[in-house]
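Have a look at the structure below, then the notes.
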């Protein structure tokens, strides 16, 4: 049986002069600290964002086995309401807390009393020791941050008694499952069951556990304290980095102007990995109120999840689990230029938006002025450009300290030339996101593969093996649709998700899903019809591929039946509103060399084979423009799809070599009467059709018309 722990000597006493009681080499003096808040206790301490109301502490000298005086101090809480759990456990009342000192005064008393006790026991620097990590990481540091209090350096390192116990007794329990009572029970310590003073029993028992642990082999005990990072460290992240999914969370509801430092302050007390705050941007390159945060280990991540719905100012922040792949997708980069730009440590990053396209480093440095110099001058500026080298109007600047960055932010909406410039705080992850977005965008943003589903043509058929979703929220994504369908999502054909866009290129609220069979489509419609997606009910009805094709081409499908696409223009052929024909334009070799492969359609003579997938590939999801009269986007000519017929006069005057190339003849309708040759050439400047060759533009020889009639037309070769 384990012998009972030795009785601690009275406070201030000194050991005998024999050799057995001589000071032994060991850890520094320990300050055993216990605290409580007005809300939850135990493992949920600090999870409800309530204020600290109690501190109890006692000094232990491990080398001489001496202990100091036990101190207890109440702390005035701003919100004096106590939870039923706290009121029952502590026996405190709101009146007693109202007479207590505020937190800053209590911390001053704590430092003075601890210093006095340590001096009586032999002096030297001391280290805090707590039961678990919640008191310091989840209570003291967040509350001090909210109240703008500066904690002493002694609160940034501590020993977790549970971990120290687990080092000597690894077979007992997991460190996170231990409590003061279970540690005393495992060691066979006799505790004073008559002690009813809240917090005093816990501190006395922790002191007895420490003295018992020191008696054993203590080579590894109290040698490596836990560290609380004092500030957030910025840094780059690479696409090749492997990030553990057990260390990442997603924070939602952030103010749009919040920076990475603001996010780090929200998680004050927890150790965020270097460069571990990635603010997310929306499709327009602006912050969407979300951020991915990477912590140093899974225990810090679990503590961060307890801050769900804690407040940043007047806003509450939602905290959820995230994956390492999501973090790398947002924060990772591949550019060496960005890596060099972000390699400077302890730099504040600002983003400049709205710069004139002709602005250079000298213009930006002159705009900022000598009172806020950029680190490294021109080397501290990073201009964001399109893949072809054209400027985007965005740039990033590095500043050596917060004061210089604040001076630069005062230039927000200042004028550079004839444009006002916006300045924002930025992060390394935002730099990577902005650069990645422009680096991956094609040179011709109007020519995107999803708008022309040529690699995956729709097969005609009357079998009702498809379902139509009507009334979708405009913010619905493919993932939302798959979650909405539930088990039926496993029956979707490869490349079978078709989103319908309106004439402005925005979601129309409709989508078509190709299922593996008519039975599966009917089952999905019966199970999901009028289910709710994001507070809207969605109609799910079965349909055929023919019906789907006609709707995607501008027709309607209602309760009264199906109507074909409207043919308002005389040049539209009514039978031509069938499925897309997989016959894209043959792009000349010298023109194709100027553009990335993702911006061009596959060659007509070598059709691309679809890659087999489980359900659908995200990048290849079909998006259909539901135009009243469909016109494919350049460089695909309308003549290649067969909707527009070329006037005979243009065909007669066109060279034979030109007509032999598919898609070389383009008809333009709706041209303003004031448009000239140079105006038309500027429209096709990016496609390099016939530079400086005005003979390739021919007006159509129609009879004279009034201004109220249709505008003139041109045929371009």
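Placement of Cβ uses the backbone N, Cα and C atoms for every residue, glycine included.
Taken from TrEMBL as is:
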REGION    1-24  region 'Disordered'
COMPBIAS  1-13  compositional bias 'Pro residues'
COMPBIAS  14-23  compositional bias 'Low complexity'
DOMAIN    248-320  domain 'RRM'
DOMAIN    349-424  domain 'RRM'
DOMAIN    466-541  domain 'RRM'
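As a whole-number mean, the pLDDT of the domain 'RRM' (349-424) in this prediction is 90.
For the domain 'RRM' (466-541), DSSP puts the residue distribution at 25 helix, 33 strand, 18 coil.
Shown for the domain 'RRM' (248-320): DSSP residue counts in helix, strand and coil, namely 15 helix, 33 strand, 25 coil.
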